[in-house]
């Protein structure tokens, strides 16, 4: 495995910041645009599904294309899809149908770009540095997720509506910058067979790889738990009369501590090892989430949210490096796409499943149920080997 060239890594980290900033600015803005165009609040679920659908339907084919033709083509195609989404969003503000199409294009560009970025990191990084480099990658993504919503407060909006044209134009400029970066990048130098096996047969080989199915289950539950936390923390505050300031502090503590943990991930893995660290962090996250459901003072809720954020921040980069380590040479694109597809499936099914507890137990019951799911994810992680025996290609 060749060492990641500094310029290539810098470009990938920059793209990670940009794409997350675009997505986290455009998704709420598209919702605002749909409501302003006359869509009902119920239709926002359709718009949300339009973003997730490409990940469920196209993840495996996109990953297979990556393994056959290289990451550069995916990075270029993903950037083009996002440019198209920003153009459509800017010109179709009055049409709910065009807003839905723009959301689907955004979801497609996001999917294709992430698979290309993650495969590039996996294919150009020494195994010994997987955890620290994926930690930097996910930290960069967190920076983008923090910066993106700030575009909603650009000047020119009203009290009830952000400046949609300016936001979409800004995102268009960022996506063009991402496209230019992609055009100047080269694919990783790993060998690609002239007659590669089919997508389904390769996927079957990956699913039979010891530890990979368990890692997919764990990462799906972990990511879904974050969506549930973000959705039900305000509901918890509403039910218990917790001030919006405390709820905001809980969300900020979660975000800041997640970013902090990703910067120190490499050192933590060296001290504890991947499997032990993943099991312990998921277990602590289950306990923290269950404790947040208790009637505790506001300060403790903020502290527990920070603990939850810190341990959650380690899980995503660890599972990224783990999947990359488990995947045989030449299949990392497909392995990353399987991870993304399982994440999308979990984000679609698990919140709806645990949400059924809300009518009987309220937000605390949902958080406790999610903690139980995380305990299962911790158990699932115990079946994953610490490393693979396969030589790196």
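Cβ atoms here come from the backbone N, Cα and C positions, even for glycine.
TrEMBL lists transmembrane segment for one of the ranges 117-135, 136-154, namely 136-154. Mean predicted confidence for the domain 'Major facilitator superfamily (MFS) profile' (1-388): the pLDDT average there is 84. Within its own chain, the transmembrane segment (277-296) has Cβ neighbours under 8 Å at 218, 222, 225, 229, 233, 236, 240, 268-269, 304-305, 307-308, 311-312, 314-315, 318-319, 322, 363-365, 367-368, 370-372, 374-375, 377-378, 381-382, 384, counting only residues six or more beyond its boundaries. Distant neighbours of the transmembrane segment (72-90): 15, 19, 22, 26, 29-30, 33, 62, 65-66, 98-99, 101-103, 105-106, 108-117, 119-120, 164-165, 168-169, 171-172, 175-176, 178-179, 181-183, 185-187, 333; these residues of the same chain sit at least 6 beyond its ends, with a Cβ under 8 Å from one of its Cβ atoms. Tertiary proximity for the transmembrane segment (38-60) is limited to same-chain residues at least six positions away from its ends with a CB under 8 Å from its CB atoms, namely 27, 30-31, 96, 99-101, 103-104, 106-108, 110-111, 115, 199, 203, 334, 337-338, 340-341, 343-345, 347-348. When Cβ-Cβ distances below 8 Å are used as the criterion, the transmembrane segment (136-154) is approached by residues 9, 12-14, 16-25, 28-29, 117-118, 121, 162-163, 166-167, 170-171, 255, 258-259, 262-263, 313, 316-317, 320 of the same chain, each at least six residues removed from its ends. Within its own chain, the transmembrane segment (7-26) is flanked in space by residues 75, 78, 82, 85-86, 89, 106, 109-110, 113-114, 117, 120-121, 124, 133, 136-138, 140-145, 147-152, 167-168, 170-171, 174-175, 177-178, 181-182, 184-186, which lie at least six positions past its ends and keep a Cβ under 8 Å from the stretch.
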